[in-house]
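K.L.:
Would you mind keeping the following structure in view while I ask a few things?
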Amino acid sequence: MSQILFKTKTFWYGIALTFCIATLSYFLAKLPFLMILGQLVTAILIGIIIRALFPVPDKWFTGIQFSNKVILRAGIILLGFRLNLVDIYHAGWRVFLIAALCLSFGITIVYFLAKLFGVDKKLAILVACGTGICGAAAVVAISPQVKADNNQTAVAATIIALLGTIFTVIYTLIYPILPLGPDGYGIFAGATLHEIAHVIAAADPGGSSAVDMAVIVKLTRVALLVPVCFVVAKMVNAGTKNRFSWAELPVPWFIFGFLATSAINSFGIIPTSVTDFLVICAYFLIAMSMGGLGLNVHLPSFGKMGGKPFAAALIGSVFLSVFGLALVLLFHLAG
């Protein structure tokens with residue numbers, strides 16, 4: 001009984017740590033030199049700094065992972081109360097095409113570079129899918145399809161978490177000089193950044209319309225996780241005795257929750273004052289997940305894993321950013 005209680009306590013300690021990070025980031029983001037980054041990016045950076053400077057107990061990571069995954073999805077579902085489904089219709093087919101093209105390009109270029117650098121095939125697939133689809137969630141989903149071991153999965157997830165954080169900060173800083181309006185910037189961020197959390201954090205300086213568009217585009221990429229898993233599993237298992245299982249395919253159910261809250265908001269069922277409060281709660285929950293994301297970045301581990309997969313993902317992410325920006329401009333969606 002005491003062991004169960006102890007585990008329960010450490011679980012809540014992890015959640016409490018992300019709660020404190022979210023609270024601290026809320027106030028720090030009001031400072032002039034951090035205002036440009038915003039609360040969400042600040043939360044990521046606080047998490048990274050805490051992990052680098054202080055020994056975070058391993059047992060706390062159960063709660064931290066809960067914040068990083070479950071609380072993030074709860075925040076995204078609540079964020080739907082700010083979106084009107086009419087906005088999705090107005091986004092048009094070009095937006096969804098950009099999402100699909102960037103996903104395909106991201107996976108292809110990173111995998112090609114990883115193999116060029118001599119990275120193990122399984123690790124190359126994990127890093128490529130993490131870059132092209134939805135970050136660490138894609139890494140974890142693809143891992144059983146390619147029969148990757150725990151070390152390969154952890155390495156790929158760490159690479160994506162760190163790269164996504166770096167690019168989130170860069171996007172936030174260069175937004176004022178990009179030839180993009182809020183909607184165009186949201187499409188660009190949603191089509192090219194790694195994690196859903198990264199997308200929301202990077203789009204936040206562009207305002208509500210940028211975040212809404214970014215979430216729509218990013219969730220389009222997330223929705224494609226299932227067919228990508230299917231294709232990867234069939235390709236990897238071709239010519240082997242391994243049997244494909246539909247039960248192993250991951251389904252991102254939280255997307256339906258996001259669409260449901262968006263529909264409720266579109267019909268005006270809930271008063272604006274209530275939805276405004278729910279959106280504030282959504283941002284706080286997402287900030288908690290940002291803190292968890294930062295806490296998962298273990299900088300010393302990069303000295304052990306080698307730089308090849310990181311270099312492949314870094315160069316591939318740069319190409320993906322340029323490709324995504326070019327598509328937004330080509331399809332005349334910069335505004």
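Cβ coordinates are placed from backbone N, Cα and C, and glycine is handled just like the others.
Got these off Swiss-Prot a minute ago, pasting:
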TRANSMEM  10-28  transmembrane segment
TRANSMEM  33-55  transmembrane segment
TRANSMEM  91-113  transmembrane segment
TRANSMEM  123-142  transmembrane segment
TRANSMEM  155-177  transmembrane segment
TRANSMEM  251-270  transmembrane segment
TRANSMEM  277-299  transmembrane segment
TRANSMEM  309-331  transmembrane segment
K.L.:
When each of 33-55, 91-113, 251-270, 309-331 is checked against the transmembrane segment (277-299) for Cβ pairs under 8 Å, which one has the most?
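P.N.:
Checked against 33-55, 91-113, 251-270, 309-331; highest Cβ contact count belongs to 33-55.
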K.L.:
Same-chain Cβ contacts of the transmembrane segment (91-113) under 8 Å, 6 or more residues past its ends?
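P.N.:
Same-chain residues near the transmembrane segment (91-113) but 6 or more away: 124-125, 127-129, 131-133, 187, 190-192, 213, 216-218, 220-221, 224, 228, 311-313, 315-317, 319-320, 323-324, 327-328, 331, 333.
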K.L.:
May I ask for the residues of the chain that lie six or more residues beyond the transmembrane segment (309-331) and have a Cβ under 8 Å from a Cβ within it?
P.N.:
94, 97-98, 101-102, 105-106, 109-110, 113-114, 116-117, 119, 123-124, 127-128, 130-132, 155-156, 159-160, 162-163, 167, 178-180, 184, 187-188, 191-192, 194, 302
